[in-house]
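> As annotated in TrEMBL:
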DISULFID  48-112  disulfide bond
DISULFID  61-122  disulfide bond
DISULFID  92-102  disulfide bond
DOMAIN    23-123  domain 'SRCR'
SIGNAL    1-21  signal peptide
């Protein structure tokens, strides 16, 4: 059916190892801070800082495996990106598994420039350790 084909189109990576909706943090000095970039239609793009807040940033931190949010940054705090601005007016509830599932204007629909690129600072990588005591 049409729906099945659409599922497979969105589930398959467009670039080897990178899936639609994947995130990366750029120019932050660590893998857990930086400008938020999202992969869509075969290329990386930025997120606009309009109504960007700690709830949105928490979804990002969780998606990239970096624990809790320390801060949501705005005004291209981590430098201006290049390429498309993919998301604007992002509104997360905090329970979404990935940023692309939060409410937004639609991919590529925005009233921003790269001086408004959003960023995050997260706690850091989290590890779960299981100990067995005998």
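Residue numbering: from 1, along the chain as shown.
In case you wondered, yes, glycine gets a Cβ from its N, Cα and C as well.
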> Across all the protein chains here, work out how many other Cβ atoms are within 10 Å of the Cβ of residue 61 (disulfide bond).
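That number is 26.
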> In whole Å, how far is residue 48 (disulfide bond) from residue 102 (disulfide bond) when you measure between their Cα atoms?
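Residue 48 (disulfide bond) has its Cα 14 Å from the Cα of residue 102 (disulfide bond).
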> Is it possible to list how many residues within the domain 'SRCR' (23-123) are helical, extended or coil according to DSSP?
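So the domain 'SRCR' (23-123) is made up of 16 helix, 37 strand, 48 coil.
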> Could you measure between residue 61 (disulfide bond) and residue 92 (disulfide bond) for me? Cα positions, answer in whole angstrom.
13
> Can you give me the same-chain residues 6 or more apart in sequence from residue 112 (disulfide bond) with a CB-CB distance under 8 Å?
48, 49, 50, 85, 88
> Just to be sure I understand the packing, how many Cβ atoms besides its own are within 10 Å of the Cβ of residue 102 (disulfide bond)?
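Step by step: centre on the Cβ of residue 102 (disulfide bond), count other Cβ atoms within 10 Å, giving 19.
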